[in-house]
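Asks: These came from TrEMBL, pasted as-is:
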type	residues	note
TRANSMEM	83-104	transmembrane segment
TRANSMEM	116-140	transmembrane segment
TRANSMEM	200-221	transmembrane segment
TRANSMEM	256-276	transmembrane segment
TRANSMEM	288-306	transmembrane segment
TRANSMEM	318-335	transmembrane segment
TRANSMEM	342-363	transmembrane segment
TRANSMEM	383-402	transmembrane segment
TRANSMEM	423-448	transmembrane segment
Amino acid sequence: GSCSVAGHLSFFTKVCYGIGGVPNQVASSAIAFYLQLFLLDVAQIPAAQVSLVLFGGKVSGAAADPLAGFLINRSRRTGSGRLMPWVLGCTPFLTLAYFFLWFLPPFTSLRGLWYTTLYCLFQALATFFQVPYTALTMLLTPSPRERDSATAYRMTMEMAGTLMGAAVHGLIVSGAHGSHRCEEAMLPGQVAVFPNATRLYPIAAAVVAVTYPVCSSLLCLGVKERPDPSAPASGQGLSFLAGLGLTVRHPPYLKLVISFLFISAAVQVEQSYLVLFCTHASRLHDHVQSLVLTILISAVLSTPMWEWVLQRFGKRMSAFGICGMVPFAILLAAVPTAPVAYVVAFVSGISIAVSLLLPWSMLPDVVDDFQLQHQHGPGLETIFYSSYVFFTKLSGAGALGISTLSLDFAGYESGACKQAEQVVVTLKVLIGAVPTCMILTGLCILMVGPAPKVPAQDSSRSLRR
């Protein structure tokens, strides 16, 4: 049957490969939605320090990216391959770092330092897990079609992981952020400390942390890494910086990266502040849980629809789908009621799906376009991919850092029940005006100039099939 085809991957292998991507997505989605809320209201760290924690972590993750690429290219093959030992080696440390990130240390004065250190450690380790894991695609099989299929499995699993992460974490801690805690402490300015939060957050952390050892052992069992025939050619030819210099001088790539810098930063700001806004700025804190779920479910369900739209109407037309978020985000800031919030959450999910899907489907075209103009060997696609991740992490770090600082200037009080009026206004600006400007800027850049040329694309596609 089809198994005789060279390089064919079994369904089991693809599923196990996809499962390997789950833990990082579960963890990062729990962090994206809840870490800021946890640091401000449970650990009760001043907003300025929280911005330092979030910024520092993202920067260390970004810095670890070229470093991981460099070290992994230099590493020798072992019995289980060249990439697998990195994935397995990071697992125990990642599990611990993630757990302690949600743990309340007994001291209060140095808490900011504790969370900064752990978040930086976690982000760096997660990068050292993710880089070899994504590079594994190239070593699963020589067949491009099977690789595309494995990537589709990975994307589906990762989407499911993102959904699970926020859902599981949110369900466990939902008791900690109930509205009842504020009726007891009605005096304005009085801080409501709620004991069950200190118990619930570590439980949620433990549940999420367990996915690392479970999933990476499944990955190891189900996936065999083929020895790479072009091993000397793949990494040693160019250093990361030399490769980066080449890729950054390629105009289509530069345009793609800059436009998605703005777009991904906007999406990250939107995600982070939707939870905070609903907890404080409006009478929505009983709905936070279901709003986060609405966003994620609509993102997962609309992904196949966007795949079809991309094929049917082209990639540049699909980019306008990201605009869907704009009028609704402004509407939520203006009319913060529950029905509006659900509509906004649903539309945001659809927009987030495009903003995640588009760059990964445009990157291969840019890489093809680059390969046609410069006759370089393989190995550069890893530089395109890792530098793209590097830039988006940096942009997210900057956006989140600056926006949390603006909360601090507005006088955000950690753990307070009722925030001052100007804090509420700041949150409205952060959820309405800021993402809007960034998304529109990003789309303008994306639309300027010609699309990357991919000649003979159809012939190569038909040959693959």
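Glycine is treated like the rest: Cβ placed from N, Cα and C.
Walk me through where these features lie, including what they touch and how far apart they are.
Replies: Sequence-distant contacts of the transmembrane segment (116-140), counting only residues of its own chain at least 6 positions beyond either end whose CB sits under 8 Å from a CB of the stretch, comprise 9, 13, 17, 20-21, 24, 27-28, 35, 49, 52-54, 56-61, 63-65, 68-69, 72, 81-84, 86-87, 90-91, 93-94, 97-98, 100-101, 146-147, 150-151, 154, 216, 219, 223, 225-226, 228, 234, 381-382, 385-386.
Residues 32-34, 36-37, 40, 288, 291-292, 295, 322, 325, 329, 344-345, 348, 351-352, 355, 358-359, 362-363, 366, 387-388, 391-392, 395-396, 398-400, 403, 427, 430-431, 434-436, 438-439, 441-443, 445-446 of the same chain, all 6+ positions outside the transmembrane segment (256-276), place their C-beta atoms under 8 angstroms from a C-beta of that stretch.
Under 8 Å from some Cβ of the transmembrane segment (288-306) lie the Cβ atoms of residues 29, 33, 155-156, 159-160, 162-163, 166-167, 170-171, 174, 177, 271, 274-275, 278-279, 318, 321, 341-342, 345-350, 352-354, 356-357, all in the same chain and six or more residues away from its ends.
Tertiary neighbourhood of the transmembrane segment (318-335): same-chain residues 263, 266-267, 270, 277, 306, 309-310, 341, 343-344, 347-348, 350-352, 354-355, 358, 428-429, 431-433, 435-436, 439-440, 442-443, 446-447, selected by CB-CB distance under 8 Å and a gap of 6+ residues from either end.
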Asks: Using Cβ atoms and a strict cutoff of less than 8 Å, what residues sit near the transmembrane segment (423-448) while being 6 or more residues removed from its termini?
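Replies: Beyond its ends, the transmembrane segment (423-448) has Cβ neighbours at 255-256, 258-263, 265-267, 269-270, 273-274, 276-277, 280-281, 316, 319-320, 322-323, 325-326, 329-330, 332-334, 399, 403, 406-407, 410-413.
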